[in-house]
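Colleague: Before I ask anything, let me first share the structure, which is written out below as structure tokens.
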Amino acid sequence: ASQDGVNQDLSETVPRLPGEMLITDKEVIYICPFNGPIKGRVYITNYRLYLRSLEMDSALILDVPLGVISRIEKMGGATSRGENSYGLDITCKDMRNLRFALKQEGHSRRDMFEILTRFAFPLAHSLPLFAFLNEEKFNVDGWTVYNPVEEYRRQGLPNHQWRITFINKCYELCDTYPALLVVPYHASDEDLRRVATFRSRNRIPVLSWIHPENKTVIVRCSQPLVGMSGKRNKDDEKYLNVIRETNRQISKLTIYDARPSVNAVANKATGGGYESDDAYHNIELSFLDIHNIHVMRESLKKVKDIVYPNVEESHWLSSLESTHWLEHIKLVLTGAIQVADKVSSGKSSVLVHCSDGWDRTAQLTSLAMLMLDSYYRSIEGFEILVQKEWISFGHKFASRIGHGDKNHADADRSPIFLQFIDCVWQMSKQFPTAFEFNEQFLITILDHLYSCRFGTFLFNCESARERQKVTERTVSLWSLINVNKEKFKNPFYTKEINRVLYPVASMRHLELWVNYYIRWNPRIKQQQPNPVEQRYMELLALRDDYIKRLEELQLANSAKLSDPPTSPSSPSQMMSHVQTHF
């Protein structure tokens, strides 16, 4: 292959997915923040930006899905004189930026700017997102992972107190809720319609999870439309009482309002508010002090400032503290622990809401369910949790991430789902044997949150996905993961049933997720693969080998005796006590 890459066979130069097309390639100088300027060739397809180094001593490759790009700016003008001062500055959504210097002559910058802008922001150019062009085939279908009826049946629903309703089958009751809802048996569909008028965006209280033994529940919704004048709604008050009464023995219903109380009060001015005890009897209301989407966005921006491109060495701890990111993680985890504890102790059922019930509410319900229900700690269980509490219940992924959208400063953007995954990672650090999946699984989910390669996180709600026929026209991220499960498994996983996990949410026990936030810095790269994991995998392989040899010996033996053995029927049953617990 020639030095400038021109006569190289493109198919071996750029990895391509089925449906991915090369649009252009250019010679550029990549201004690497770690190693200085590197001459390379950049290839742009309708899915990725791929850079191959043309320098002998540097094998650098960048492989960046265009979906992670949040903004493209031209740097330098016709009069720029400094070396490498003319080119493009690219800001990414995944904690890194890219800078390319180009030659001034021949419009090469203009071409690259236009092509990148077109394919990184397809929505602004009436082009489809890449997920609709992706022709990958997997031999498992990730879209079948979550079936709401099956998931509720796994929880033992419907039962005498809770029923499944199809009132939202055509998304007429609430256009941001799923088609299938679980509601109290003693509330009629007519009751639900009346309650909907008093809840923000018609997001009425519905069941997320029921405790298998004590039958207390986690219910989610949006804020009540109380307003400045303190409006009341008899149907809503009665409905919350019906929810409380699904547990005969319990005198109170606990409401966790995710917001700081100041914000909840301020929301009255825009027609919202909270449940006051003069209108709602038998409730206990607590505010969890979790800040809004704008605060979280600014906090993550500060994290990026201290980790990219250079890690703020001299005042690392005070810099980290000044971002408040771990403090927000702490508040979210603390709230979820409170929800889980109320339900697990059987003290009371819990209703969770924030303002609209699709950001902080999803964080709290899903984390509490992860603490309470070990099923969600398996790979497929976690996929179901995300599919249910986030995707089907209308977390606004399109608005929060801005898939294919060029308005990088849109006030609706916010890292709410990233924050949830960070909380999951914190839990997995504290309980290294409790989760079937590893860190790579979480990072892969976050990478494809932005990549637009799969349909999983596209659009804001289920009704929009159905209109766009997402399950027919795109591939699910879970297909990629479930076909490569081994790659995403935690070797230390020990399956446990009914163990509730309470992580410690104090600041001393939380840490910055370095392998995610600082992974682009080559100096931070930790030993891959992890030596402890490596050794453990070798021991497991050894164990499997011994079991196999034992089975062969037994087979040979029973063939000799030709009598049916009366001992334990299979070696694996004999071996079941050879569990390796560390």
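Glycine too: its Cβ is placed from the backbone N, Cα and C atoms.
Bear in mind that TrEMBL entries carry predicted annotations, made automatically and left uncurated.
The domain 'Myotubularin phosphatase' annotation in TrEMBL covers 142-517. Marked as substrate binding site by TrEMBL: Asn292, Ile293, Cys354, Ser355, Asp356, Gly357, Trp358, Asp359, Arg360. The domain 'Tyrosine specific protein phosphatases' annotation in TrEMBL covers 323-385. Here TrEMBL flags Cys354 as active site, phosphocysteine intermediate. Positions annotated as region 'Disordered' by TrEMBL: 558-582. Annotated compositional bias 'Polar residues' per TrEMBL: 573-582, in sequence order.
Locate each feature and note its surroundings.
Modeller: Taking Cβ-Cβ distances under 8 Å and a sequence gap of 6 or more within the same chain, the neighbours of Cys354 (substrate binding site) are Ser222, Gln223, Asp257, Ala258, Arg259, Ile290, Arg360, Thr361.
For the domain 'Tyrosine specific protein phosphatases' (323-385), the predicted model reports an average pLDDT of 97.
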Colleague: Quick one: give me the count of other CB atoms within 10 A of the CB of Asp356 (substrate binding site).
Modeller: 19
Colleague: With a radius of 8 angstroms around the mean position of the C-beta atoms of Asn292, Ile293, Cys354, Ser355, Asp356, Gly357, Trp358, Asp359, Arg360, what other residues of the same chain does the substrate site pick up?
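Modeller: Here the non-site neighbours turn out to be Ala258, Thr361.
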Colleague: In sequence order, what residues of the same chain, 6+ apart, have a Cβ less than 8 Å from the Cβ of Asn292 (substrate binding site)?
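Modeller: The list for Asn292 (substrate binding site) reads Arg259, Asn263, Ser355, given in order along the sequence.
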Colleague: For the binding-site residues Trp358, Arg360, which Cβ has the most other Cβ atoms within 10 Å, all shown protein chains included?
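Modeller: Neighbour-count leader: Arg360.
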